[in-house]
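J.: Residues annotated as domain 'PDEase' in TrEMBL: 138-460. The feature AMP binding site is assigned by TrEMBL to His214, Asn215, Ala216, Val217, His218, Asp255, Asp364, Gln415. TrEMBL lists His214 with the feature active site, proton donor. Per TrEMBL, the feature Zn(2+) 1 binding site maps to His218, His254, Asp255, Asp364. Taken from TrEMBL, the feature Zn(2+) 2 binding site applies to Asp255. Here TrEMBL flags 460-481 as region 'Disordered'.
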Amino acid sequence: MEVYYQLPVLPLDRQVPKHVLSRRGAISFSSSSSLFGGPDPRKLSQRRGAISYDSSDQTALYIRMLGDVRVGSQVGFEPERRGSHPYLNVDFRILHSQTDIPGPVSARNIRRLLSFQRYHHSSRFYRGIPTHNPLHILDDDYTGQAKCMLEKVANWKFDIFLFDRLTNGNSLISLTFHLINQYGLIQLFQLDTVKLRRFLVMVQEDYRSQNPYHNAVHAADVTQAMYCYLQEPKLAESLTSCDILLSLLAAVTHDLDHPGVNQPFLIKTNHYLAALYRNTSVLENHHWRSAVGLLRESGLFSHLPTEDRLNMERQLGSLILATDISRQNDYLSRFRTHLDKEDLCLGNASHRHFVLQMALKCADICNPCRPWELSKEWSEKVTEEFFHQGDIERKLKLEVSPLCDSRVNSVANIQIGFMAFVVEPLFSEWSRFSDTRLSQSMLDHLARNKARWKGVLQEQAHGTEEQDTASKILPQGSRES
């Protein structure tokens, strides 16, 4: 029997380890006949269980399983818009369907047919035994070290830069998929894993990688911080599954499609986004609307009733809009008032939502509260982005925005001011709300980091004085010589 599947030809730019390709049931995505130094795709596709993509001869997909399934060459497919991820339209669950397998299925055949999964879990599936364990999202052969890191994802010292390298630049996808799966939200909300994966891939791609700071790694870092806050006792005991899902999605998308410049820049350059949102929370509105667009494009919530879907989109927007730094004092004043009156009731849905807004605000600006090595790297990245905006403003003959002028600012003085006027007030109040070891640790890191930046500033000032002294002495010495 021959079965033909028609799938688009799409390239993939990542390397597949040779030891993976050599095993039975290997899956390879090839944009060239050399397969990045691996076996030739034509030879690979001759083995049982092999799945290969080869764009050199326009073969859409070649599957050879147990000698009875083949796919021939297909021509004329339109590449998918986000072509760097060819597996988005491949629903591998078709290989799990009992109706696709003629006759009785032996355990050995299951092992061959599902060679890209562990036999233990696939055999449970075929025997009709529901699994109570989280889905196995990560392949040990590719991301073993990343998987080890995810076991400590609740650790405040989690190094998102290392994790991003271990996942080949896919930290946002891997981290978020893991967290959503760990909470059991996939099963609870009956989410299609293919749609969820597609949504996360689109989100990661819509973050601008050329931004030094506002990119997908920052989004992943904020998501990891948000997860840490969700684990705090007060929240963990009171949050609903919907609260958790919305919190994670808001963290993932809170800076979606950030242009690398701030709101005042968009306003004074008459950017269309400023006009669209009437100069009010311009970036945050854009992040929210972009997130809603990707949710609808991926169809992640398409199976939910319309009213529930729209309500989730509104709450997602409310969380993202809270990250507007220009409204910092409004939120902080309201939070302080609640804490003074001790009237926050987490059994109340509106109060829980407000606390989640504050948690997301903390996650968004928590870099100064991380260990020094991580905090320093984030500080340098955000300052680089500020100075890049200042350079653009100078070229356009516009007034250079505060903190964006590299001629009068440095990483040290920007961070000291940011910590003193923005971070400390917020995290002091958060510590009042959630007086835990994590809160104390964040305040300790904040104090130490602030002291180190002050030390850097003093060294810079001392170095400047020595240069000024040398510049006055050298000309006189040269005349004497």
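Each Cβ is built from the backbone N, Cα and C atoms, and glycine gets one as well.
Automatic prediction, not curation, is the source of TrEMBL annotations.
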J.: Rounded to a whole number, how many Å is the Cα of Val217 (AMP binding site) away from the Cα of His254 (Zn(2+) 1 binding site)?
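T.: Cα of Val217 (AMP binding site) to Cα of His254 (Zn(2+) 1 binding site) measures 12 Å after rounding.
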J.: I need the least crowded one of these binding-site residues (Asn215, Gln415), counting other C-beta atoms within 10 angstroms of each C-beta.
T.: Asn215
J.: Which of the binding-site residues listed here (Asn215, Asp364, Gln415) have a Cα atom within 10 Å of the Cα of His254 (Zn(2+) 1 binding site)?
T.: Asp364
J.: Give the number of CB atoms, excluding that of His214 (AMP binding site) itself, located within 10 Å of its CB.
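T.: Looking across every protein chain shown, the total is 24.
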J.: Can you name every residue in this chain, apart from His218, His254, Asp255, Asp364, with its Cβ inside 8 Å of the center of the Cβ atoms of the recorded Zn(2+) 1 site?
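T.: Sorted by sequence, the hits are His214, Ala219, Val222, Ala251, His258, Thr323.
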J.: Work through the binding-site residues one by one (His218, His254) and point out the residue whose CB has the fewest other CB atoms within 10 angstroms.
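T.: Each of the binding-site residues His218, His254 was scored; lowest Cβ tally within 10 Å is His218.
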J.: If I restrict to non-local contacts, at least six residues apart, and a C-beta distance under 8 angstroms, what lies near Asp364 (AMP binding site) in its own chain?
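T.: Residues satisfying the criterion: Val222, His254, Thr323.
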J.: Test of understanding: give the count of other CB atoms lying within 10 angstroms of the CB of Val217 (AMP binding site).
T.: 22
